[in-house]
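As recorded in TrEMBL:
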type	residues	note
ACT_SITE	His22	active site, proton donor
BINDING	Tyr18, Tyr41, Trp76, Trp77	substrate binding site
Amino acid sequence: MPIQAFRMTLYPGQMAEYRRRHDALWPELSAALQQAGIEEYRIFLDSETHQLFAVMVLREDHQADRLPELSVMRRWWAYMADIMETHEDQAPVSVPLDEVFTFLPGATSCK
């Protein structure tokens with residue numbers, strides 16, 4: 001399964017609000033993420049730097065690259081724009097991360 005990882009930046013003092021909003025993730029956004037082929041999506045925070053690190057596990061036939069076309073995705077971005085760094089279109093500023101190590105029990109080698 002493909003894996004995508006990326007970094008985003010949260011504004012200082014916004015972690016509680018970020019959690020609150022994600023704890024109440026809109027059902028229509030959840031459905032859109034599933035329909036796009038996202039099997040698993042995790043976001044981690046470095047509280048010293050306010051950097052968010054996201055990891056998505058995708059189905060082979062995913063269409064995650066089409067999510068920005070969806071109105072629910074654009075509404076979510078607008079909803080989150082006041083607490084994190086965004087582009088002019090309110091999409092989060094995200095920087096792709098390169099995978100440098102993988103450990104899979106039973107595998108013959110590590111990546």
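Glycine is no exception: its Cβ is also placed from the backbone N, Cα and C atoms.
Note that the coordinates shown come from a computational prediction; the quantities given were computed from them, not determined experimentally.
Neighbour counts of Cβ atoms within 10 Å were compared across the binding-site residues Tyr18, Trp76; the minimum falls on Tyr18.
Counting only the Cα atoms, the space from Tyr41 (substrate binding site) to the residue listed as 'active site, proton donor' is about 12 angstrom. Across the annotated binding residues for substrate (Tyr18, Tyr41, Trp76, Trp77), the two most widely spaced Cα atoms sit 16 Å apart. Other than the site residues Tyr18, Tyr41, Trp76, Trp77, same-chain residues with C-beta atoms no more than 8 angstroms from the centre of those residues' C-beta atoms, the substrate site, are Arg21, His22, Leu25, Leu29, Tyr79, Met80, Pro92. A sphere of 10 angstroms centred on the C-beta of the residue listed as 'active site, proton donor' encloses 10 other C-beta atoms. Taking only the Cα positions, the spacing between the residue listed as 'active site, proton donor' and Trp77 (substrate binding site) is 12 angstrom. The C-beta environment of Trp77 (substrate binding site), restricted to residues of the same chain at least 6 apart in sequence and closer than 8 Å, consists of Thr86, Asp89, Gln90, Ala91, Pro92.
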